[in-house]
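Chemist: Sharing a structure, written as structure tokens. Questions coming.
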């Protein structure tokens, strides 16, 4: 594209006929005739001053009288030399090739704006994909072996427990039998430092009676509770091998009045297991569970009471050394976009109640769990620091109870525990109850979503 010729620029004699005409009408004069002298430096105007401008200057200088008798200095009208651009700098207007300015083709960066980390739409790999990759990578050569070992321990222990869970037994005795059995069968007593993290109990043994839905365990120094004929008892305990947790629960009742309640909950759990699978929508599974559960009724004292699915509890996925993951499987129809994925491990459990179907926290302590995202730098009490060290070395992110601490020989831990709880370093879990006079039942299994099949790892011939 042609560019406009700058003003005052004279073309060469071979470039234009106009330039030739000017040369004829105004023939060039010698330097002495024109009165033009060279610069003190001896340099001529390299740009070539216009002849007309030189002549005009000469005439003006002659016309003006010299009053002081001295030769007046002629004003220098020469144009300033164009400065050549320094190396690495651009001209104005820009005409220097960038390759001459930026060595090695290293050009300036633009504005760097980091992606918002919690916006999956702006990330190449979404949080869901990262979670899936983490789960799949977790399925190493020992994955199935560890899970099957933990499941077999659970089956053998609960088979014995079902023979002794009869009216008249205390909850403390029943819990001790379960915990002793798990420690014996895994080969890890959990007394030496770090031994409980290799294999053993995955969380406090749950022994919940009647309207107590979940999270109750006998604690040292509390009033003894005895199992009665008209009680509905939920037995929920977990076994882990190298952090692979098997979570399974069942309900026992001796009065046939509650048979329909147990049947409803067992059927609902089996429905959840049937619908579970890779890419299964969790909202669909929840809807199917609720439909089956709430199709049952229980007759108590001549009154037909519909079985209600608990709305404040849910099934959940299981992570290594973490009983509760990020996914939940409610027992009622819910709006969620979550799906089950290959490599997921789920605890499919259901709770059915003759009460309101909602739970609330009750006074008491079920267990404790370390909050790994909270810093402990602000701890001042030596007892709290010592207890925190014990928790990290022996339980990590596993939930534990007072009974587990005392089994290891830990004493005088109450003050330190209060300090850890008040600083949010340790979470405290309370029992969950429905309305008084109601009855709640529970059944639960752990299922592995393997690439080519699902394996209900805790299934036995009992339930």
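Glycine residues also receive a Cβ, built from the backbone N, Cα and C atoms like all the rest.
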Chemist: Need a hand: Swiss-Prot gives 316, 349, 444 for divalent metal cation 2, which of 247, 259, 279, 283 is also on that list?
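Modeler: It is 247, as the record lists it for that site.
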Chemist: Please pick, from 236, 434, the residue that Swiss-Prot records in the divalent metal cation 1 site together with 247, 444.
Modeler: 236
Chemist: Using a 10 Å cut-off between Cα atoms, which of these binding-site residues sit near residue 444 (divalent metal cation 1 binding site): 215, 324, 349?
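Modeler: Taking 215, 324, 349 one by one, the ones whose Cα falls within 10 Å of residue 444 (divalent metal cation 1 binding site) are 349.
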Chemist: Can you tell me which binding-site residues out of 215, 316, 324 are within 10 A of residue 236 (divalent metal cation 1 binding site) by Cα, answering none if there aren't any?
Modeler: 215
Chemist: Pick out which of the binding-site residues 215, 316, 324 has the most other Cβ atoms within 10 Å of its own Cβ.
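Modeler: The residue with the most neighbouring Cβ atoms within 10 Å is 215.
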Chemist: Using C-alpha atoms, which one of the binding-site residues 215, 247, 324 comes nearest to residue 349 (divalent metal cation 2 binding site)?
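Modeler: Its closest listed neighbour, by Cα, is 247.
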Chemist: Near residue 247 (divalent metal cation 1 binding site), which residues of its own chain have a C-beta under 8 A away, given they sit six or more steps off in sequence?
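Modeler: Sequence-distant Cβ neighbours: 202, 203, 236, 238, 318, 323, 347, 349, 444, 446, 458.
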Chemist: Taking the center of the Cβ atoms of 247, 316, 349, 444 at the recorded divalent metal cation 2 site, which other residues in this chain have a Cβ no more than 8 Å from that point?
Modeler: 236, 248, 249, 315, 318, 346, 347, 348, 445, 446
Chemist: In whole Å, how far is residue 316 (divalent metal cation 2 binding site) from residue 324 (substrate binding site) when you measure between their Cα atoms?
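Modeler: It is 6 Å, counting Cα to Cα.
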